[in-house]
2 protein chains.
Amino acid sequence: MLEFTFLGTSSGVPTLTRNVSGLAIHYGKAKEWILVDAGEGTQHRVQQAKLSLQHLKAICITHVHGDHCYGLVGLLASAGMNGRKDAITIIAPKEIQQWLEATRHLTELFLPYPLHFIDSHTLNSTFQLDEKLSIDVYPLHHRVPSYAYAFKATSIQRKLDHEKLVQLEIPKGQLWGDLQQGLMIEWNGRTLHGKDFVIENTQHVSAIVCGDNDQPELLKDACKDASLLIHETTYTQAVLDKVGSGPMHSSAKIVAEFAQMISLPNLIATHLSARYHDAVGVQKIHDEIAAYYHGHFYIADDFHRYALSASGELALIK
Amino acid sequence: MLEFTFLGTSSGVPTLTRNVSGLAIHYGKAKEWILVDAGEGTQHRVQQAKLSLQHLKAICITHVHGDHCYGLVGLLASAGMNGRKDAITIIAPKEIQQWLEATRHLTELFLPYPLHFIDSHTLNSTFQLDEKLSIDVYPLHHRVPSYAYAFKATSIQRKLDHEKLVQLEIPKGQLWGDLQQGLMIEWNGRTLHGKDFVIENTQHVSAIVCGDNDQPELLKDACKDASLLIHETTYTQAVLDKVGSGPMHSSAKIVAEFAQMISLPNLIATHLSARYHDAVGVQKIHDEIAAYYHGHFYIADDFHRYALSASGELALIK
């Protein structure tokens, strides 16, 4: 129901293997997707991951730091040069809108499509992107205002009420098909409506995608119905202790402890300091999470794709 | 004397093989280099090309379009996060300074080193970066004010006047070495000064690096003493005729005709529209230049490195 493609998993600076933050989310509508954060080089990752800017429906920016937003203007410019006409919704701190406006003015950037801005500082109700996806915003704790976005995907399965059809002795075939499609049919002198023979099964699944944050416990309410939390683990606890609280990032340990405390079913750790970009570093983050959290978790890497099913099961696709 | 590393050779948008504009120039001082233009992803290319942001001395921006400058803020931010303390000189249209200031303010970007801005709109005398390199600015013709930068590298070779030393019967060895280093020596009761025994040979070589421009003939004066012109060839003439003059870019033909007219010794064509990024496309640009220009030329590709010798000879290093 939700599919996550990591376009960047590095904290602060890009390295040869990991770009700065960017996450593509497909939500069950053909090719449409949304983007969370757009560090510099996100449009390059979009090309490499074979995603299309034509099908990008919305962009959520978690906070104003450059490694989460400096790729936004180039991505929007390229979408324009590729002939995009459809509006893009941008949910972001209002400073992002101001920055885009300053950039458009000073660099004479022309976008041949509209942008719809929603200020994450003041968005305090659920934003319904379309019938398949709603978005809620939760404040986090970082050096600048930072947000988590809760994505709730809805899917409706429609199946025919076979029992009822058999009871009325309606023959299988064309008539059943018409009813399933919601059409009206004539049968034995009666008019029958498709909607009366279809059982709708609505399913929801939620995932929380976080900006930089040093207080995972702020997400307690947000995570109540969530099947997945995607959170930064910039350092191990030992390094966080050495670096100090100045950068206001989380260690693997505090994220893992929080996930364990709330019995979170699935966790994806991302936003790793460059010191953890080799296999040894990833293992350190992995081991620290495993020591404190007994749920299902992954350490994201660039181009990792994960699927979250309607029943809340998470799997690494590739 | 001058070495050019192409970090991006695509016009407008990046593709899987070519990034947007960026060019590193080494000018004979150990590891120090300067950067001309910084499209998005330039800092990624800097890493891939194994250049160090610590040794970046100056940045020249040709014009405000995003494919030439959107990578500037991320690159400066990363230099800061990597611990840079030394100032960087930026020669650019003043709108770039305003954009950087807006970006610093709105995205809370802190740079732990100073920026020295020089406005290319108003720079009308030679800027001496250091004893090895001077920079001149020439206006071009494009949709926004666009500039060419003329880089003049100076190298001074010092060699001993062997004839004079033999005449004075000064024995080879330590004494010759001391004189070469500019020291004073005592010989036969006389004090001899190194400077009187050293022949200085000063050499200059110049290269012109251009921003977007549809009137190469504007460069006639700039190219008078230049050994190399690096100019955009966004399209072939046939495509330019179809696209029309709106984008205000040059075809391979008009650049080649200009280079031929002024008897330019070396030309590097860059800034290719995405339609020419495969071998067939490059061949089209190549053939069109070859038809009108009989000098020495290359079509740049990302990571191409070229050396321009003191005597003005250009070679592709790799």
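Even glycines carry a Cβ here, placed using N, Cα and C.
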* **Zn(2+) 1 binding, same site as A:HIS63, A:HIS65, A:ASP212 - TrEMBL member from A:HIS141, A:HIS142, A:HIS286, A:HIS294** => A:HIS142
* Among A:HIS116, A:HIS121, A:HIS162, A:HIS271 - the residue TrEMBL places in the same Zn(2+) 2 site as A:ASP67, A:HIS68, A:ASP212 -> A:HIS271
* Count the other Cβ atoms sitting within 10 Å of the Cβ of A:HIS68 (Zn(2+) 2 binding site), across every protein chain shown. => 29
* Asked: Among the binding-site residues (A:HIS63, A:HIS65, A:HIS142, A:HIS271), which are close to chain B, meaning C-beta separation under 8 angstroms?
  -> A:HIS65
* Near A:HIS63 (Zn(2+) 1 binding site), how many other Cβ atoms are within 10 Å of its Cβ? -> 26
* Structure fact -> Rounded Cα distance in angstrom between A:HIS271 (Zn(2+) 2 binding site) and A:HIS63 (Zn(2+) 1 binding site) is 14
* Where A:ASP212 (Zn(2+) 1 binding site) and A:HIS68 (Zn(2+) 2 binding site) are concerned, what is their Cα separation in Å, rounded? -> 9
* Structure fact -> Apart from the site residues A:HIS63, A:HIS65, A:HIS142, A:ASP212, the 8 Å Cβ neighbourhood of the Zn(2+) 1 centroid comprises A:THR62, A:VAL64, A:HIS68, A:LEU140, A:ARG143, A:VAL144, A:SER146, A:GLY211, A:ASN213, A:MET248
